[in-house]
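J.: Pasting a structure below so you can have a look.
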Amino acid sequence: GDWLQGPYVYYLYSTYGFGKGEIGQLFIAGFGSSMLFGTIVGSLADKQGRRRACVTYCITYILSCITKHSPQYKILMVGRVLGGIATSLLFSAFESWLVAEHNKRGFEQQWLSLTFSKAIFLGNGLVAILAGLFGNVLVDSLSLGPVAPFDAAAIFLAIGMAIILSSWTENFGDPSENKDLLTQFRGAAVAIASDEKIALLGAIQSLFEGSMYTFVFLWTPALSPNDEEIPHGFIFATFMLASMLGSSLASRLMARSSPRVESYMQIVFVISSASLTLPVITNFLVAPSKVKGESISFAGCLQLLGFCTFEACVGIFWPSIMKMRSQYIPEEARSTIMNFFRIPLNIFVCIVLYNVDAFPITVMFGMCSIFLLVASILQRRLMAISDKPKMENWTAMKERDPEAEALND
């Protein structure tokens, strides 16, 4: 339901006659809504039940899809607000339900990593590829128009809601009946402030996802600066194939004891940073085309290669960040803390999109590249402090048993 919409949001708004600035404002409404309501819905998910929150996601997103039929700016704005709320639930409630259900049933912790990898490989990979190709058939082959993928998405969301209602059990975060939302917020904020690992994880997630969502907005105008005819659904499917390959690599890496997630993610962030510098490099090295309406240019092909590399990094990122969240975030406030992480992310994306007309696309890609380098530095710090308890335990053991040090030598 979510992947069917991705390639056509920007395109649909442009067919309604809106410019890049107005489309940027619509995107801001979505991210702003996620920022304002995300923490609230995350806390309600912990308190009122994750299964109920997942059903709310389906309903909210279906309503958002329905608004896409109107070319009226205000109605589209309402749809973006509903979509922002749904996105907050999508990236918190489902994962929180899964982790709680996994622990409740006493499954092995290693299985959780395999589940995350398969979810990204199949859900963010194979299903996304099929969704992109299906959307391309609806829009181009059947000529049903750019709103058709949103109608199809609503149908799949309704099917998903029926499955959740018929087969999922309910689970909660905080079992206490006395904690109100404000108390939950305070507890989540204290957990982030008192544990550097959680704070670093939130900063890393915000930097990477902020760059990723900026990329989602920019890839269409970057590949068609002169209104080139590009196959949106096919390109999106290519991105998802790269993401699927990345998630497959992540599953192999997480199945090994070495390298650890905290270690290899430093390299992933550096590669993703380099991939988003390609639009900047091609802008200086390749002369831009002056002809409008042609097929994708040579510079566009080079950028597409970099974008596919970035999507492969995205495929590695999702199961890896899920693994780290399952290790470092306390269960009782999981959804609340995860949506706290999205506050700086949404602020960052809103600022970028608000100034979308003020800066060239190359400047925005360069900024994203810098943020990804910062994420790599923070990831290195996270690895260092996550190793501290092991070193402290070994030091304490040596103090208690001098023979242990000799054995180590």
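Cβ coordinates are placed from backbone N, Cα and C, and glycine is handled just like the others.
When I checked TrEMBL for this same protein, it listed these features:
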- 23-45: transmembrane segment (TRANSMEM)
- 77-99: transmembrane segment (TRANSMEM)
- 119-138: transmembrane segment (TRANSMEM)
- 150-168: transmembrane segment (TRANSMEM)
- 234-255: transmembrane segment (TRANSMEM)
- 267-289: transmembrane segment (TRANSMEM)
- 295-318: transmembrane segment (TRANSMEM)
- 339-355: transmembrane segment (TRANSMEM)
- 361-378: transmembrane segment (TRANSMEM)
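Walk me through where these features lie, including what they touch and how far apart they are.
T.: When Cβ-Cβ distances below 8 Å are used as the criterion, the transmembrane segment (150-168) is approached by residues 1-2, 4-5, 8, 12, 51, 54-55, 58-59, 61-62, 65-66, 68-69, 97, 134-135, 138 of the same chain, each at least six residues removed from its ends.
Residues 3, 6-7, 113-114, 117-118, 120-121, 124-126, 128-133, 135-136, 219, 223, 261, 264, 304, 307-309, 311-320, 323 of the same chain lie 6 or more positions beyond the ends of the transmembrane segment (234-255) yet place their CB under 8 Å from a CB of it.
Tertiary neighbourhood of the transmembrane segment (267-289): same-chain residues 208, 211, 215, 222, 225-226, 228, 297-299, 302-303, 305-307, 309-310, 313-314, 316-317, 320, 361-362, 365-366, 368-370, 372-373, 375-376, 379, selected by CB-CB distance under 8 Å and a gap of 6+ residues from either end.
Beyond the ends of the transmembrane segment (295-318), by six or more residues, the same chain brings 116, 120-121, 124-125, 208, 212, 215, 219, 222-224, 226, 228-230, 235, 238-240, 242-250, 253, 265, 268-269, 271-272, 275-279, 282-283, 286, 288-289 to within a C-beta distance below 8 angstroms of the stretch.
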